[in-house]
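Chemist: Take this structure first; my questions come after.
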Amino acid sequence: MSNSLKGSLPKNSSTVIATARLIAAKDLRVELRSRVLLNQVLPFALIVMVMFAFALDSDAVLERVAPGLVWLATLFSVLVMVSRSFAVETADGALDQLRSAGVPAMGIFIGKMLALMVQLMVLVALLVGAAVVLYRASFSWEGGVLLVTTAIAATCGLAAVGTLYGGLAAGAKGRETLLPLLLLPVVAPVLIGATRATESAFGTNGIAISEGWPWLGLLAVFAVLFSVAGAVAFGPLLDD
Amino acid sequence: MNTSSSLDASPRDRVTGTPFTRGLGILVLVGMVLLIVLGLFVSPADVNQGESVRIMYAHVPGAWLAYLAFIVTAVSSAAYLWNRTRSLTWDRIAGASAEVGVLFMGISLITGSLWGRITWGTYWTWDARLTTTAFLFVTYIGYLAVRGLGGTHQQRARRSAVLALLAVLEIPLVHFSVELWNTLHQEASVAGRGTNVDMDGLMLFTLFLGVVVFTLMYVWLVLHRQRSLALDDMLDDSGLDNALTARRAEAERMTH
Amino acid sequence: MDNAGFIITSYVITFGAVGAYAIGIIRRSRKSSRDVPRDQRPWS
């Protein structure tokens, strides 16, 4: 790209995409080197799944509520992961420096969201595996397709909301306690939609797979709305 | 200048009051007494609901005004974000209105569940309207917490304005998804049972009076709270040092 | 009156909470107004 073009259009789409790619790659590289997800978040999510079994204390009940527990454990882990994602940025004022260097906020948002989404997909895959092993969940090939689609839509929504509210609370004191309060009410539709869809993928209570697909509409609407809102609102949030 | 200002603020000084709010306050008090008398004693019991209908005269206007308060918060947040009307006054109105809204919503949740206990025999049902209300309550508690995060006034205003607009996006989604979730459950019909009221003239008038009294109460509270927020902001601007010396002098006076 | 306890409790909570909140506002603003000169308050 020529310099004159760069000067006249500082926020054109190609810089946004380039920034997003850079930020996402950077976040994933940070994760690969620090292994926080692998060494801390995944074990945390697993122990939550085991603790649910202690609390509910019955194979029949566990089988019945397995889909909900998978997504509940995901939500708990999202809180930890979002905190981590922004702790990396604010630790030495990196976010402020990015902004003062004129990096488009939309690119930062999309990049961080994508990195979070990739990590969430890994987490959900592990939790579904845990549900199969610990809670006797099972799914057919057809259910697997529904499950993967659900996971993509749900993690996209969660990553968008997580990045948006994480950015809002980033850098403020007391953000660790504030983030759950802000985030959990917003992601209620994801919990409802993803749980119902996963129920029919697992065939819990004999629910047919075809009944799961309509819930994907809710997840998709949520993901699209908050991705767009996040991309638009992230700039004003950081530009103080 | 400092001494003259502290003289000004003798306990008799009506700090956030003006002749208008004073008149409004008297009107609210009179209306409140009238509402209590009409609601508790004069108005008749309902044919279906019996005496429990009396809770409605306090519950329905409260819930109504809470919704209105959140709408005001959203509108004044938008007004703050729009460049041509940017003013911290909008931000403070948004904050004051959200605070009053949380108060009214908290009250309505309690009175609503008391009413539900005598009418439906249960404090809570997973009806979409009720659940959304609970979500609204928590969402705006979070909003108020974000306002308290610190930073400059402009930082606070911008952060909370964006958050208030996001809540406008969130609430319909939550309502819609709870409704979808609820259609799977049989209890959904509970909320519709036993709620029909045959309002006669006096009952309608009492409810109407309730809405008027609560609206005036809301205006009074928001005006005063908005002004007290402005005072807090001015205090921040005038610098902590000023306030600290004043407090220290005060402590001196108390000990001697 | 049936359920008098429930009904009176809800009235007491409603007006009690609003009253307490109003008193709280006035007290807080009185405290902070000591350091803000009267001519700086746009409403008075």
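Even glycines carry a Cβ here, placed using N, Cα and C.
The model shown is predicted, which means the values in this text are computed figures rather than measured ones.
Got these off TrEMBL a minute ago, pasting:
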TRANSMEM  B:20-42  transmembrane segment
DOMAIN    B:26-185  domain 'Cytochrome c assembly protein'
TRANSMEM  B:62-82  transmembrane segment
TRANSMEM  B:94-116  transmembrane segment
TRANSMEM  B:128-149  transmembrane segment
TRANSMEM  B:161-181  transmembrane segment
TRANSMEM  B:201-223  transmembrane segment
Chemist: Take the transmembrane segment (B:94-116) and find every residue of the same chain, 6 or more past its ends, with a Cβ under 8 Å from one of its Cβ atoms.
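Modeler: Contacts of the transmembrane segment (B:94-116) (Cβ under 8 Å, skipping residues fewer than 6 from its ends): 52, 55-56, 58-59, 62-63, 65-70, 72-73, 76-77, 80, 122-125, 130, 133-134, 136-137, 140-141, 143-144, 147, 160-161, 164, 214, 218, 221-222, 225-226, 229.
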Chemist: Could you pull out which residues elsewhere in the chain have a CB under 8 Å from any CB of the transmembrane segment (B:128-149), counting only those six or more residues past its ends?
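Modeler: For the transmembrane segment (B:128-149), the list is 63, 66-67, 70, 73, 95, 98-99, 101-102, 105-106, 108-109, 112, 156, 159-160, 163-164, 167, 170-171, 174-175, 178-179, 182, 191.
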Chemist: Need one number: mean pLDDT over the domain 'Cytochrome c assembly protein' (B:26-185).
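Modeler: On average, pLDDT over the domain 'Cytochrome c assembly protein' (B:26-185) sits at 90.
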